[in-house]
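Written below as structure tokens is the structure these notes are about.
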Amino acid sequence: MAKEIVGGFKFDQRHGKERVRVARVWKTKKGGYFIVEWRVGISLLSDCVNSYVRDDNSDIVATDTMKNTVYAKAKECSEILSVEDFAILLAKHFISFYKQVTAAIVNIVEKPWERVSVDGQPHEHGFKLGSERHTAEAIVQKSGALQLTSGIEGLSLLKTTKSGFEGFIRDKYTALPETHERMLATEVTALWRYSYESLYSIPQKPLYFTDKYLEVKKVLADTFFGPPNVGVYSPSVQNTLYLMAKAHSSIQLKMPNIHFLPVNISNKDGPIVKFDDDVYFPTDEPHGSIQASLSRLWSKL
């Protein structure tokens with residue numbers, strides 16, 4: 001936040017616009033179509049303290065102006081670009097166009113529209129909604145300094161075997177049985193920060209950050225599942241999270257359990273349903289919450 005000393009108080013302030021939804025369609029050189037849908041949030045750090053303490057709005061960028069800018073800049077983008085590049089583009093505009101703005105924070109969530117295939121062929125203009133979401137946040141200072149973070153939200157992963165949980169603390173409150181055979185499911189949230197520290201250092205390759213996002217998603221999924229024919233055993237969500245994290249240079253991971261509880265039902269006459277690793281009750285409340293961050297001392301993304 002922009003910090004001031006006002007009337008003997010430390011005063012932090014910022015203002016912005018949230019949940020600006022924009023979709024952009026491009027016609028490709030090959031004649032097909034491409035679409036993105038973004039939810040944009042903007043925060044501006046600026047020299048507008050007078051609007052708070054002296055009823056003077058002359059230094060304020062109206063939040064409605066910020067909203068309009070999102071659509072105007074989307075219109076100006078004649079080529080397909082990544083969510084990271086659009087976040088940087090917006091932030092760069094605000095710090096360069098307005099002398100009052102000292103820093104801009106732009107965060108974007110991309111809705112996962114995926115091209116459909118019909119009869120094994122990619123459709124020219126047909127898309128379906130996927131699940132996991134690509135996120136990005138760009139923080140740009142007046143000096144051109146940059147902090148760029150990308151992420152994944154809602155990456156749901158499940159394997160029906162090759163998981164267990166044994167050897168944990170047992171006391172008078174423990175009811176959970178140990179097992180070396182269970183289903184493992186989670187919804188991954190991941191964040192990673194790039195090492196580019198200025199606007200002038202970011203790669204100019206088209207869709208560079210989209211390619212990196214797809215690489216990270218693939219490594220996370222491949223590490224979780226293991227080889228296709230044999231898989232890989234998971235002794236705990238914690239261990240699997242660590243193995244997924246250490247495949248990257250620097251990353252934060254959050255992996256709550258999505259529980260599939262064994263179903264055993266009986267009455268006075270005997271079993272109605274006897275569990276044999278086959279019938280489960282899915283539930284996500286309450287759930288375990290496992291998270292960690294890992295950063296190599298010698299490397300950055």
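Here, residue 1 is simply the first one shown, and the rest follow in order.
Each residue, glycine too, has its Cβ placed from N, Cα and C.
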In Swiss-Prot, the urate site includes Thr63, Asp64, Arg182, Val237, Gln238, Asn257. Which of Phe86, Phe165, Phe275, Phe281 does it also list there?
Phe165
For Asn257 (urate binding site), what is the secondary structure state per DSSP, taken as helix, strand or coil?
strand
Enter the number of other CB atoms within 10 angstroms of the CB of Gln238 (urate binding site).
15
Distance, His259 (active site, charge relay system) to Asp64 (urate binding site) (CA atoms, angstrom):
43
Between His259 (active site, charge relay system) and Lys17 (active site, charge relay system), how far is it from one CA atom to the other, in Å?
37
Integer Å distance between the CA atoms belonging to Arg182 (urate binding site) and Lys17 (active site, charge relay system):
45
Can you tell which of the binding-site residues (Thr63, Asn257) has the fewest other C-beta atoms within 10 angstroms of its C-beta?
Thr63
